[in-house]
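Encoded as structure tokens, the structure appears first; notes follow it.
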Amino acid sequence: MEALMARGALTGPLRALCLLGCLLSHAAAAPSPIIKFPGDVAPKTDKELAVQYLNTFYGCPKESCNLFVLKDTLKKMQKFFGLPQTGDLDQNTIETMRKPRCGNPDVANYNFFPRKPKWDKNQITYRIIGYTPDLDPETVDDAFARAFQVWSDVTPLRFSRIHDGEADIMINFGRWEHGDGYPFDGKDGLLAHAFAPGTGVGGDSHFDDDELWTLGEGQVVRVKYGNADGEYCKFPFLFNGKEYNSCTDTGRSDGFLWCSTTYNFEKDGKYGFCPHEALFTMGGNAEGQPCKFPFRFQGTSYDSCTTEGRTDGYRWCGTTEDYDRDKKYGFCPETAMSTVGGNSEGAPCVFPFTFLGNKYESCTSAGRSDGKMWCATTANYDDDRKWGFCPDQGYSLFLVAAHEFGHAMGLEHSQDPGALMAPIYTYTKNFRLSQDDIKGIQELYGASPDIDLGTGPTPTLGPVTPEICKQDIVFDGIAQIRGEIFFFKDRFIWRTVTPRDKPMGPLLVATFWPELPEKIDAVYEAPQEEKAVFFAGNEYWIYSASTLERGYPKPLTSLGLPPDVQRVDAAFNWSKNKKTYIFAGDKFWRYNEVKKKMDPGFPKLIADAWNAIPDNLDAVVDLQGGGHSYFFKGAYYLKLENQSLKSVKFGSIKSDWLGC
């Protein structure tokens with residue numbers, strides 16, 4: 001059977017949307033016991049994870065990676081990521097090892113493969129051999145083209161696509177062992193890998209198709225038919241008073257999945273049908289014809305898509321009732337409620353479904369200890385035990401491809417956490433190539449001649465990762481969150497447990513709180529609920545650990561601030577009275593965390609209530625159990641005694657907080 005190809009044209013009659021109303025109800029359920037799901041991969045122990053990680057990325061041989069060698073190699077890994085070099089498997093080290101990343105080994109700041117391989121020409125060809133079912137081919141083509149442009153914008157390299165024959169860079173998707181001796185590992189973990197420039201497999205780039213490939217912000221679903229043909233689903237969307245985060249068949253009697261292409265379907269009425277095998281197939285040789293169920297394959301009748309007869313795990317179906325006779329087939333779309341992992345081969349969720357006697361009409365984490373959202377792929381999990389993980393934000397194909405193509409140009413991994421070539425995946429909404437990346441690639445190929453001739457885009461310096469002891473940094477926010485002190489500057493953070501110790505970092509904010517904008521104005525922790533509250537512009541975000549609370553961000557007005565307050569300077573929860581203080585300009589407000597509203601009698605002037613505290617603050621923090629509050633502005637801070645409100649110290653942030 002031929003390899004996965006681009007989707008064919010969609011055929012089949014247009015079916016009108018027939019709204020029947022919401023009939024589903026969710027049964028409230030007590031907390032479920034933790035169970036073992038069939039087909040679930042057991043998580044590795046910390047030691048198993050460390051040995052595999054250090055073997056793969058730092059060359060520690062599995063058979064001789066004993067405690068002594070392990071400790072030394074761990075220190076190398078910790079140094080690479082800016083972690084305390086303890087040589088121990090502490091929590092921060094394990095957290096870093098469990099993050100999704102590239103499959104190539106690590107080195108240091110922009111670096112090159114051994115012997116610095118590079119292309120000996122500037123005209124580079126690429127060919128897309130296969131596609132992921134997660135995105136339509138046009139979106140995949142565009143993501144790869146934009147990823148190559150990241151590098152052509154700053155070098156003389158020019159990339160052109162060919163559709164036949166051998167290209168310099170062959171691009172494909174695969175699962176587990178996929179023919180190059182470097183297997184992938186299922187969902188999450190290793191995302192992709194690429195080979196250094198050269199002949200044969202040189203430059204080839206492979207992407208793990210057990211991942212959910214998106215543009216970084218959830219499923220990208222292009223609808224067919226309806227009254228919004230070719231537009232994209234809007235998730236979540238509102239229908240009959242309920243929000244939907246994926247395609248649904250609610251309101252239909254034919255089982256076809258649909259979505260709204262605007263948030264409010266009831267207001268706008270814009271919709272289309274989501275990819276589904278009953279509407280169309282892609283690739284294959286059936287020119288987009290829908291599946292025909294049941295169909296016969298090798299003498300067996302199939303009532304749904306299958307992976308039988310294939311070694312790559314892709315779901316397919318016959319488009320006539322007898323594949324053995326007609327040899328007509330197509331691949332089943334996997335962008336509409338398709339599951340990832342589990343034991344259902346990508347089959348879609350079925351709602352409602354029964355689990356341990358309770359009904360669920362949406363994805364749930366019930367029964368799991370890792371908090372991952374899942375669903376059943378039949379109406380009754382208890383009977384059938386068929387399930388899969390629900391789609392999440394997925395991984396940006398553009399960002400991962402831009403990183404891998406950096407390897408295909410000759411760059412290794414960078415130790416700079418702000419660089420595209422850093423090994424750990426972090427979604428960045430408004431991506432810009434960093435100075436570290438530009439310096440590395442231009443050392444190999446030089447600068448783009450278009451810039452010198454004035455025919456290219458106006459050059460702009462890429463962002464530089466700040467160094468807290470070498471620069472005078474004014475922090476955007478400082479807060480104690482879950483017992484650690486965090487310093488925020490643009491898209492970076494530094495963290496420490498104790499003041500005066502040099503903070504660990506820089507790290508990317510998006511690694512911990514991915515939905516935040518690239519720059520915040522203020523942050524504090526509400527200790528009563530252990531939730532972190534972030535402010536940026538006229539909005540605020542609330543997180544439980546790294547999970548954004550539903551419905552956020554919200555406008556500052558919903559917190560009780562007046563409409564003319566378009567940003568805040570600082571905020572902190574005061575241990576003296578458990579109230580939260582919000583500062584903007586020369587005023588401050590007091591918020592009651594218990595009653596969830598502003599206290600009356602505010603705002604007040606900072607100068608009238610706080611001894612020696614200036615206006616336009618940068619940050620405020622009250623360290624737990626310390627009895628003092630700290631007010632930051634510019635390069636200095638004021639330390640106030642909480643009971644007397646007396647200023648007891650004026651000091652330097654660098655020397656007293658950053659260990660410089």
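Just so you know, the numbers here start at 1 and follow the chain as drawn.
Note that Cβ sites are derived from N, Cα and C of the backbone, with glycine treated the same way.
Remember, predicted model here, so these are calculated numbers, not experimental data.
Look at Swiss-Prot and you will find GLU404 tagged as active site. As annotated by Swiss-Prot, Zn(2+) 1 binding site applies to CYS102, HIS403, HIS407, HIS413. Summarising the annotation, Swiss-Prot assigns Ca(2+) 1 binding site to ASP134, ASP209, GLU211 and lists experimental evidence as the type of evidence. As annotated by Swiss-Prot, Ca(2+) 2 binding site applies to ASP168, GLY200, GLY202, ASP204. Per Swiss-Prot, the feature Zn(2+) 2 binding site maps to HIS178, ASP180, HIS193, HIS206; the stated evidence is experimental evidence. Summarising the annotation, Swiss-Prot assigns Ca(2+) 3 binding site to ASP185, GLY186, ASP208, GLU211. The Ca(2+) 4 binding site annotation in Swiss-Prot covers ASP476, ASP521, ASP569, ASP618, and the record cites experimental evidence as its basis. The domain 'Fibronectin type-II 1' feature in Swiss-Prot is assigned to 228-276; the stated evidence is sequence analysis. What Swiss-Prot records for ASN573, ASN642 is N-linked glycosylation site. Positions annotated as region 'Collagen-binding' by Swiss-Prot: 222-396. Annotated region 'Collagenase-like 2' per Swiss-Prot: 397-465, in sequence order. The feature repeat 'Hemopexin 1' is assigned by Swiss-Prot to 472-516. Annotated repeat 'Hemopexin 3' per Swiss-Prot: 565-613, in sequence order. Residues annotated as signal peptide in Swiss-Prot, with experimental evidence given as evidence: 1-29.
What Swiss-Prot annotates, mapped onto the structure for a quick look.
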residue	record	Cβ within 10 Å
ASP180	Zn(2+) 2 binding site	13
ASP185	Ca(2+) 3 binding site	16
HIS193	Zn(2+) 2 binding site	19
GLY200	Ca(2+) 2 binding site	8
ASP204	Ca(2+) 2 binding site	22
ASP208	Ca(2+) 3 binding site	27
GLU211	Ca(2+) 1 binding site	26
HIS403	Zn(2+) 1 binding site	28
ASN573	N-linked glycosylation site	22
ASP618	Ca(2+) 4 binding site	23
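For the pair formed by HIS178 (Zn(2+) 2 binding site) and GLY186 (Ca(2+) 3 binding site), distance between Cα atoms is given as 12 Å, rounded to the nearest Å.
Among the recorded positions ASP185, HIS193, ASP204, ASP208, ASN573, the residue whose Cα lies closest in space to that of HIS403 (Zn(2+) 1 binding site) is HIS193.
Apart from ASP476, ASP521, ASP569, ASP618, the residues listed for Ca(2+) 4, the same chain places the Cβ atoms of PHE475, GLY477, ILE520, ALA522, VAL568, ALA570, LEU617, ALA619 within 8 Å of the centroid of those Cβ atoms. Here the repeat 'Hemopexin 3' (565-613) returns a mean pLDDT of 91 for the predicted model. Residue counts for the repeat 'Hemopexin 3' (565-613) under DSSP, split into helix (H, G, I), strand (E, B) and coil, are 4 helix, 21 strand, 24 coil. Geometry remark: GLY200 (Ca(2+) 2 binding site) versus HIS407 (Zn(2+) 1 binding site), CA distance 15 Å. Within the chain, the repeat 'Hemopexin 1' (472-516) has long-range Cβ neighbours (under 8 A, six or more residues past its boundaries) at 82-84, 92, 99, 393, 417-418, 424, 426-428, 463, 465-466, 522-525, 530, 532, 534, 536, 541, 543, 545-546, 548, 553, 570, 572, 618-624, 630, 632, 634-635, 653, 656-660.
Distance noted between the C-alpha atoms of ASP209 (Ca(2+) 1 binding site) and GLY186 (Ca(2+) 3 binding site) is 8 Å.
In sequence order, THR132, PRO133, PHE173, PHE207, ASP208, ASP210, LEU212, TRP213, VAL340, GLY394, TYR395 are the same-chain residues whose CB sits within 8 A of the CB centroid of ASP134, ASP209, GLU211, the residues recorded for Ca(2+) 1 being left out. Within the same chain, the residues at least 6 positions away from ASP569 (Ca(2+) 4 binding site) whose Cβ sits under 8 Å from its Cβ are ASP521, ALA522, PHE583, ALA584, GLY585, ASN616, LEU617, ASP618, listed in sequence order. Note: HIS206 (Zn(2+) 2 binding site) has non-local neighbours ILE171, ASN172, PHE173, GLY174, HIS178, ASP180, TYR182, PHE184, ALA192, HIS193, ALA194, i.e. same-chain residues 6+ apart with C-beta under 8 A of its own C-beta. Note: the Ca(2+) 2 site is recorded as ASP168, GLY200, GLY202, ASP204; in the same chain, ILE169, MET170, PHE195, PRO197, GLY198, THR199, VAL201, GLY203 also have Cβ atoms within 8 Å of that site's Cβ centroid.
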